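Q: Pulled these features from TrEMBL for this protein:
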type: TRANSMEM; residues: 145-162; note: transmembrane segment
type: TRANSMEM; residues: 174-196; note: transmembrane segment
type: TRANSMEM; residues: 208-226; note: transmembrane segment
type: TRANSMEM; residues: 255-271; note: transmembrane segment
type: TRANSMEM; residues: 283-305; note: transmembrane segment
type: TRANSMEM; residues: 411-433; note: transmembrane segment
type: TRANSMEM; residues: 439-455; note: transmembrane segment
type: TRANSMEM; residues: 467-497; note: transmembrane segment
type: DOMAIN; residues: 525-648; note: domain 'STAS'
């Protein structure tokens, strides 16, 4: 590094790809070189960017330095994860998976029947959906603990969206076709997101949004279960809180006291079992066995008292046998095709969010990785196969997966055990469900969905981020008072607005020096930080794009005006230099460069110097290409704020 006299020109490297500014001082002070990134072609930049967008996890790392045969084996295992664990499968693993599979079956059968009813579909579809999809997932899925089947939120959304346009009682055949078609489009969306590695799209459904949505949906599901718990056959099917409550109160003559007594008795039993398992995880089997036990007990009770309780609403006859094919029932033309696509998109995104979240949760507990894009593909292909075999949309259920994990599942074989047990039920045990009362299904659903109301999370959102709480509230009240899909749409809109707000109105802080150090931090955060006389040091904490470049320029000029007013009031040192710490500016576009050039021009008219500190490689490269760096070669570009303050101050002393 060379040293130059104050009146000499700056030392610029020959290739003009680094800018070094040094000045003879006493004692000598060296400034670090602010370098540009290595030269890359446009094609290389594009490839790097695409790789970071679509392959951030580098799924091909396992193929490096492998023989051709080994690469084929690894590729086959990557496409079919079952090939990873099946060759080394042992009897001890089988024993653990057998116990876990039988345990989750006790939960899957009553939940499957209940969730099919929740979607206004024949109860048998819930059992069909607990047979084929788990088999497909066990071959394609990478999670060891995910237990597959229908979930309450997807069934609710499907039933709500479809019943708004088509009546499940007046047009059951058309309604059934639309349900299968919605499942097909849900699977198509999920598989496409996985295959094209577009899973980042679902990140627009933030945790705050889902918290409010699920809480609102849980309340609506609970209110709809008043039909079964109170024995009200004509309760409205609308999914807004006010119409449901009005219908419930105006139909008091239909209330059945026998149904109310038995329904609430079993509800208390189920809630007690759930509470016991929550307090003592070792007793997980209590909550797992409670639904099937309640179904058996309530069915026996209604059967024995069938002459005394003729008014109890029952499931009725369920067909025996395997899933019938439903490819001929897929609805690909007609006036309701748009409804199927819309329902499929909404349910597909919701089930994908839950499935991925549940899989990653239990993977983290056991310290193994779940490939999100591979999971999307597996869940999507599972639902496509399900739509062709009389199944409704399915995913990994949190309640069943938690039971599966606590029961000691080691591999996805527990899903095969569950599917086999459901198969036996479909072939031989269907007549036993004839006297199963509707109130027990309502009680099972209520027990399941009450866990979706997470008021502690809402309180946490209020304490941490008010905008997140707003998104949560909009989702919650939108579901309750407008509709389920509209509530979700409002919440997504609020989330996107939050993103736009952060992008268009980035944070800019004024920095000060922490006494005795070369550290510069926010004046509002650190009491020991103090202003540097004659300097205004600002930190920009976002990329500079067309969306925020004007705001950043105007906000900096406002800082300058306010600083001048403060100096005039306190009779301090005259403001001479504005330093922009660009460490957090991760990107810039042409509008951002223009804004900096305009800012520099405006400040020069006021005899103020603009200095840039530590622009990152991408920003440096674009400013160098646009020739904007030419304006900052002489005492205008530094690696740290401390160097900038020391070097510019030293220059002022030499000029005096």
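Here the Cβ of each residue, glycine as well, is placed from N, Cα and C on the backbone.
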Q: With Cβ distances under 8 Å as the criterion, find the stretch in 255-271, 283-305, 467-497 that has the most pairs with the transmembrane segment (208-226).
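A: It is 467-497, which has the most Cβ pairs under 8 Å.
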Q: Return the average pLDDT for the domain 'STAS' (525-648) as a whole number.
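A: So the average pLDDT across the domain 'STAS' (525-648) works out to 91.
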Q: Are the transmembrane segment (145-162) and the transmembrane segment (467-497) close enough that 3 or more Cβ pairs fall under 8 Å, when only pairs 6 or more apart in sequence count?
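A: Output yes: the transmembrane segment (467-497) sits against the transmembrane segment (145-162).
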Q: Top stretch among 145-162, 283-305, 411-433, 439-455 for CB pairs under 8 A with the transmembrane segment (255-271)?
A: 439-455
Q: For the transmembrane segment (283-305), name the stretch out of 145-162, 411-433, 439-455 with the most CB-CB pairs under 8 Å.
A: 439-455
Q: Restricting to the same chain and to residues at least six past its boundaries, which positions have a Cβ under 8 Å from a Cβ of the transmembrane segment (411-433)?
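A: Here the qualifying positions are 81-82, 85, 89, 93-94, 97-98, 100-102, 104-105, 108-109, 112-113, 123-124, 127-128, 130-132, 134-135, 137-138, 141, 143-144, 146-148, 295, 299, 315, 317-323, 404.
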Q: For a three-state summary based on DSSP, what are the helix, strand and coil counts in the domain 'STAS' (525-648)?
A: 60 helix, 22 strand, 42 coil
